[in-house]
Amino acid sequence: MALLCSALSNSTHPSFRSHIGANSENLWHLSADPAQKSKRRCNLTLSSRAARISSALESAKQVKPWQVPKRDWFPPEFMFGAASAAYQIEGAWNEGGKGPSSWDNFCHSHPDRIMDKSNADVAANSYYMYKEDVRMLKEIGMDSYRFSISWPRILPKGTLDGGINHEGIQYYNDLLDCLIENGIKPYITLFHWDTPQALADEYKDFLDRRIVKDYTDYATVCFEHFGDKVKNWFTFNEPHSFCGLGYGTGLHAPGARCSAGMTCVIPEEDALRNPYIVGHNLLLAHAETVDVYNKFYKGDDGQIGMVLDVMAYEPYGNNFLDQQAQERAIDFHIGWFLEPMVRGDYPFSMRSLVGDRLPFFTKSEQEKLVSSYDFVGINYYTSRFAKHIDISPEFIPKINTDDVYSNPEVNDSNGIPIGPDVGMYFIYSYPKGLKNILLRMKEKYGNPPIYITENGTADMDGWGNPPMTDPLDDPLRIEYLQQHMTAIKEAIDLGRRTLRGHFTWSLIDNFEWSLGYLSRFGIVYIDRNDGCKRIMKKSAKWLKEFNGATKKLNNKILGASSCCSGVTHGGGTA
């Protein structure tokens, strides 16, 4: 999710927790104890939440034919694909020469901090079954596949001095060959949260400036070995979530600053300062990497950017203060990383409210940062209303997400929710928000070319959801995708003509970070009781129809490549 969820994977997502004083009805002011989350989340009883989801299911059955998007609504060059992330799908955590990652360490050391106490040691077994993933992409008719490379699978110790793992190089070359032979365009994310554990042990990874050189070296190895096959790169995935969850709340890796039982014991000073240090070093690593790419590897057709998680905040009430809260929420959520790449510094609101906890860029760093992207990826799942919090001496921030002085609310001042509950506890479907944020980014950030790099919703086991009788029947996901594709078309019609593609999150069910396997975002079901067998859900079959893949299959395009003749990985042989 890439949780979210892909990155948006926990109800204490950093953009959600903020000071509320005595307001006990705030959605996101929750105990870190999972049992308390499930009791208090969304201020709904389990039965009332189940009723709302059942109502949404009935609504999903009533989508009119003229509301269903068509592929020919979009320009011919507009890409449709699916996405995944290495840690969430590959498995083989200690095989093929791979070194441990921060997430390996997190899950093994603190299994109680994963909802179902699971880990991604096997995940969807894509290290061995990548050919089945490509087969699914081909059968669904996808143009493209966004996936991430595991840094510790390439550099097991995190550094060039520690040696390159050529088995890892071979694995990704085999995957790339299989994609290209089947007409599927690869989009690579260089970092999707799985830091080499060796760097955490040596110098606390992104809290130290040394990460800039080590990350740039790692990226250069990837450019060197895969650059002839890959022309579209993303340096980082969802830095906002990575910084907040990993170094603010500690609910994601590295997470060593939280004790067993999900009780967060991060010192307030660290929770207020460290996310900004990590974000700053991440931006410097991005700028250095893009500089190397542009000088030595870009060529005539290479492109590079960053993936941001976004929300289209709306004012909680029709008043000036909530409108200002909306602007601050966007600054802290999107502008934190995009404004330095557009104008060389953080948003003014962040400078004002964070003060000396927010690092400064040198002139040379600013020069490298500005325009350090050819495109921007945005991961969009849902939105919230922004409610103003008074800025006063009585309020003392406890964690970095308090700095925004804006509460994210599901309901507006009249009690109207931002959208229907679509099965995943934090996702309320609001396709208008996607259109709004696409238009806002055109006005506020210089109209960058954009890919929607993640968009989708999840099936949940438990947590107030109706019992899932058929994991392949996912009408809410179909409706969600249809409505958001329609919103993209509307944005294009309103002048947002630099949109380049849409990637559904996710291709297959995977390990969804702190939710383990309780949350399933895939359009393809993974049967973990039958060797991780891949089975298309109804949403995949709808996308197959949308992409016109049935006609292609009738013309025997599927399976034309020998790379899909088997399902195992081993030096490229099946």
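Each Cβ is built from the backbone N, Cα and C atoms, and glycine gets one as well.
Swiss-Prot names Q88, N237, E238, Y381, E454, W505, E512, W513, F521 for binding beta-D-glucoside. Of H192, H286, H333, the residue it gives for the same site is H192. In this view, Q88 (beta-D-glucoside binding site) is surrounded by 29 other Cβ atoms within 10 Å of its Cβ, with every protein chain counted. Annotation note: W513 (beta-D-glucoside binding site) sits in a helical segment as assigned by DSSP.
Within 10 Å of the C-beta of E238 (active site, proton donor) we count 31 further C-beta atoms, all protein chains included. When the CA atoms are compared, the binding-site residues lying within 10 A of E454 (active site, nucleophile) are Y381, out of the candidates Q88, Y381, W513.
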